[in-house]
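S.K.: Got a structure here, written out as structure tokens. Questions coming.
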Amino acid sequence: MPSLLILIFTIEVAVELINTIGAATINNLLWRIFNALPTKLSAQFAEQRKLQQDYLKVRRELNATSSQDEFAKWAKLRRQHDKLLEQLEKKKAALDSTKGNFDKYITGIRWVGTQGLRYFLPFWYAKVPMFWLPYGWFPYYAEWLVSFPRAPMGSVSIASWQLACTGFVVLIKDAITALVVFVMGMRQSNVKQAVPVKAVSGEKASDEKEGKKEL
């Protein structure tokens, strides 16, 4: 089943990418993309930014106003300051709640699309051979092992294929990581070698020699 082979491999690649990048990082990226779209939520964020700007403006004016010399103006700014602060806190709490629900929704979809399929597919297709081994090339115990748990003898089970894909993806990731570290190390060493060393001038060197002779 070529389509199932590719699906299992794709799922393992996706799981490894998520583990490498981080679920929180992916959620934050999707949240920013969603906020960039022309939705009601993006309008709420625009309102929050405007409230924040108004609040900071009133706060600066309040700090620059004396409560003794200009009490009436100070009291008016103080009321505006408290009102804007209350609105800003309510808006922030509402958006934080929306962000929490968004994270739960995305986490659920991601789990179903990755970990959920990792458990469901091997169970559902446990008896389906992924592909057949060449007849007589492998001993009995090897054929039994790769067909475990319920695939026909002489075939590769979905569990064995999934395990092989996981090992291959991890191996490729480690190789890429090692290559990146090696290249970065080579660049740093080349930069260090390219730094010019200040040469000692002839007069200074001769002065040092004369000083040594006098000693």
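Using the three backbone atoms N, Cα and C, a Cβ is placed for every residue, glycine included.
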S.K.: Quick check on Asn190 and Val58: does Swiss-Prot annotate them with the same topological domain, i.e. the same side of the membrane?
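M.R.: That holds: Swiss-Prot puts them on one side.
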S.K.: For the annotation transmembrane segment in Swiss-Prot, which listed range does it cover: 111-131, 132-152?
M.R.: 111-131
S.K.: Of the residue ranges 72-104, 171-203, which one carries the coiled coil annotation in Swiss-Prot?
M.R.: 72-104
S.K.: In the same chain, which residue numbers or ranges, 6 or more beyond the ends of the coiled coil (72-104), come under 8 angstroms Cβ to Cβ?
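M.R.: Contacts with the coiled coil (72-104): 27, 30-31, 34, 41, 44-45, 47-48, 51-52, 54-55, 58-59, 61-62, 65-66.
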S.K.: If we skip the immediate neighbours and take only residues 6+ beyond the ends of the topological domain 'Lumenal' (132-155), which ones have a Cβ under 8 Å from one of its Cβ atoms?
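M.R.: Tertiary neighbours of the topological domain 'Lumenal' (132-155) are 126.
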S.K.: Sequence-remote contacts (6 or more beyond its ends) of the transmembrane segment (156-172), Cβ cut-off under 8 Å?
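M.R.: Distant contacts of the transmembrane segment (156-172): 4-5, 8-9, 12-13, 16, 118, 121-122, 125-126, 128-133, 145-150.
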